[in-house]
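Features reported for this protein in TrEMBL:
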| type | residues | note |
| --- | --- | --- |
| TRANSMEM | C:6-31 | transmembrane segment |
| TRANSMEM | C:38-59 | transmembrane segment |
| TRANSMEM | C:65-85 | transmembrane segment |
| TRANSMEM | C:159-180 | transmembrane segment |
| TRANSMEM | C:212-233 | transmembrane segment |
| TRANSMEM | C:245-261 | transmembrane segment |
| TRANSMEM | C:268-291 | transmembrane segment |
| TRANSMEM | C:297-315 | transmembrane segment |
Amino acid sequence: MRRAVIAFTAFLGGLIFLLAGPAHAGPADCQGLRGTLNFQGQPVNGARISVTTEDGKPVAEATTDAQGRWDVQVEDPGRYKVTLDVGSLPQNAEARGGTNVRTLSVYEGNCSTALFPLQPKGGGQDQGQQSDDNSAFWTRAAQLTFEGFNLGLIIALAALGLSLIYGTTGLTNFAHGELVTLGAILAYGFNAGMGLGLIPAAAIAVIVAGLLGYLQDRFFWGQLRRRGTGIIAMMIISIGVALFLRYLFLIVFGGQTEAYTQYNAQPGVQVGPISAAPKNFVAMGIELVVLIIVGIALLRTRTGKAARAVADNPALAASSGINVDRVVRIIWTSGGAIAALAGIMLGLSQNLKYTMGQEMLLLIFAGVTLGGLGTAFGALIGSLVVGLFIQVSTLWVPPELKSVGALAVLIIVLLVRPQGILGRRERIG
Amino acid sequence: MHAETMSTDRKAAALAAFKDLARDPGVPKPDPILVVDHVVRRFGGLTAVDVGHVEIQRGSITALIGPNGAGKTTFFNQLTGFDTADAGSWTFNGRSMNGVPAHKVARSGMVRTFQLTKALSRLTVLENMRLGAQKQKGENFWRALVPRVWRAQEDEITERAEELLARFKLDAKRDDFAGSLSGGQRKLLEMARALMVNPELVMLDEPMAGVNPALTQSLLGHVKDLREQGMTVLFVEHDMDMVRDISDWVIVMAQGAVIAEGPPSTIMSDQRVIDAYLGAHHDAPLSEGELEAQLQEAEAALEAEIEEETQK
Amino acid sequence: MDWITIFSTTIKSAVGVETVLYGIAAIGLNVHFGYTGLLNFGQAAFMGVAGYGLAVTVVVLGMPFWAGIIFGLIAAVILAFLLGIPTLQLRADYLAIVTIAAAEIVRLVFRSVQFKDVFGGSDGHRGFTEGFYALNPYPTGNYGFNLGPIPLFFNHRTMWVITVGWVLIALACLIVHLLMKSPWGRVLKAIREDEDAVRSLGKSVFSYKMQALVLGGVIGSLGGFIYGLGYASVQPDVFGTETTFYMYTMVILGGAARVLGPVIGSMLFWVLLVLIYGVLSEAVRVGYITFMDTNQVGALRWILVGAGLILLLVYRPQGIFGDKREIAIDAR
């Protein structure tokens, strides 16, 4: 056991040195203003920002890059006025509440962030007549439902693995978000680094991630289980793994946001009230197909049935002749692979960052708990609910707070029905 | 056993109280400490407990027996507030107890032990015992900060705990972690700890399960001792020899309901009991296959229920 | 290599602001996790509401410093109740998820544009520490001594913060020591072992868990004040989930359910971190290490924290000085 853990740690450690590629310098010393412009989840390229002193003396101008970022360094600390040129925004976008000017303080050696939330034109409150408002609302509702479904499917992919691992081993895996990031970054490596097309890159990434999932169980979690490590200790160990991997990604990938080299800026397609890039439709198709395949595998195949049996009651399953270790290993392998797929899809619909999985982890937890810890189909339904809720709630809630709503719902659901939607109550005694 | 000789009074009194009672389920007792009415608990579509009427005689040792899955432990959980009943009411010493949380049930004098012992592993044996004492001044947050306030009471508690430990022959272990005790010793510790609460009614869930035979006699003696000290005992047990040996009255449960009551000497010959419980395999435990079958049945019922709920 | 600077910063970090603020917050976490067995993954939120309570009171409401401290403490108590009433009845793993979610909600609200007027958005607040430094008894200057060739000096502001911090740590440790020796602490430890057993002995488990949550939360909130005062600012992302994770590392490193465990854990944690960072970044600067830059060295030390946490729990779950028999975490 000792040897196995050391070997695994050494293996991961070795990765740092093997993969430590070109350095990505972050902003070391920063004194000024910066921000990121996003519109409907996509970065806004080429928007003009001008910075003046409080009394209107021009200081600098900046234009947002492909990631929607802009950055202005200033000589002296003090109050500055930041103006967003509304004319440089995409045609259908406007600043929320019409506020395109912000005044901020810059402190010595620090950067302040100026945010300009954007919204689609016509989504505003005081435009047009009542009937127009109404139809605009429903168009937006349809659009958000679509986006929510998309997000929900991605969460579901990630949640399936987490839920099955929890069900079969009792591990609440805080490092599952990093498996999602892993997939996205691997695909990026094959895509941008090695010049493969995104589709073959994604396929290889999924396979590699599955393999890493297998190795992780074979040489790490499996060994810990054999030692009889308690579930709380394992939960905290998974936090260690999460930190380890997250900062490994930071070293290897860097702290910036990236996009795949293909299918990057696709023009939107209008389908009924919904407008989206074709890649989103394709991605959703793939997600649905994978989920259906996994679902059928769980329902129909021997291994799938065994997996559900183990998740249901490991002791009973073991006593009725199911090789629990083998089932768990298969779950780790496939769980790692589909989590990676979730990461790739997430990278496709948003952007890649070394914290992308971590940021989604709570939503995955929300989906899993909502559906009932350890139930595969519960995780699916829970995730879709979470995804839909997050997006549709932005009809009433500011988008930056949309996760707050989802997390609040998670807490409330746990109060009312702690066993989740599909979970069952435990017997005491 | 030394308890045997000096115990005859209490035992005789208990037996006398049961002497002329009918053998029907729910028969009224002369001086009931616990009266249960229509307690129902369902898990999904499975009715785990559905007890019409039962009384427990004060100062007696009453055994609760029944095949696996008869709902004995669930029934215990309802009575002691560890699980909420779907319906029904019960009184302890005339006080209504339904809806009362577990810790208040214990405070009122009705203390239970668990089928799987719950020794507090990383507390010492003595700390385990001290925990059982009630109304401790030092258990209040602010007073805990001033040791002077609770020191004297703590010494009293320690003295009482040591007496009990000596009686249960655990005094040599007083400073060991409870986790280092053997299974039987844990059962003893749990029982001794329950006595620290000063209960009137002690409810033991399978006190003999997993106990090494050498300790069985000693445990039996302790259970009888409880009655001698004026406590009432209600216990769940599978070992019929033990039931015959120490109980004054036996209540039989099957499929969640009480199906018969009677003295231990004759309960085994009761036709209802033979039919419902002992049936074809007298005195034999359930086989592996039957267990599995029962489990599967329960799971199927649950599954159906869940499906029903999700389709709504 | 500039070993003097490396050793100077390393030794200073053993008592520095970061050690103090994490140490004190970890004492609170130890009450939750080490003694009571509550998997609170939202400890950073207690620090956050306290720091923001202080900052908002002074900056936005224009009230004096001590009023800010009172509001900060009240905010921590309220958070404990908000978090505790719904979650303390849940299973351990649910509690972990709910507390982490709640802490994330707190952070997202702090950094939102919607409430920028109150909480200052992602830049947070500054300029609320005059009241505190007005009380500074240390005249302007540097304080410390030379250990051989190594200078160990803090300026008067830092001195004042860490003096207050260490006094608070001493007080918190004393209180925890008294409580855990008392019957009250005995109930907490028993709850950690088995809730149902404690219930069956007539103790209100919920009430004790709530008391523990409030106590640990209030102690944790002191760490939030120290942060705000030490860095003269509060920013939402400081109070993120990783902060809580680092505190877990410290508690386990020093030994869970030991009075001084979190303090020793915090000292070891920062000394190691600063030393490793100092040595590696110097090596990069001088050119001994060529395959990494300073930013990557910064990330590397967090990798080591992760690896350290894993190895600790696998090989020494009782912590560096703990006794294997009484480890608070069921690791076997």
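Cβ coordinates are placed from backbone N, Cα and C, and glycine is handled just like the others.
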Close approaches to the transmembrane segment (C:6-31) from elsewhere in its chain (Cβ under 8 angstroms; 6 or more beyond its ends): 40, 43-44, 46-47, 147, 150-152, 154, 158, 161-162, 165-166, 168-169, 172-173, 176, 188, 212, 215-224, 226-227, 230-231, 244, 246-248, 250-251, 254, 256-258, 261-263, 265-267, 269-271, 273-275, 278-279, 282
Cβ pairs under 8 Å between the transmembrane segment (C:212-233) and the transmembrane segment (C:268-291), at least three: no
Stretch with greatest number of CB pairs under 8 Å, the transmembrane segment (C:268-291) reference, C:65-85, C:245-261, C:297-315 candidates: C:297-315
Close approaches to the transmembrane segment (C:159-180) from elsewhere in its chain (Cβ under 8 angstroms; 6 or more beyond its ends): 15-17, 20-21, 23-24, 27-28, 30-31, 35, 132-133, 135-138, 143, 188-189, 215, 219, 222, 226, 229-230, 259-260, 263
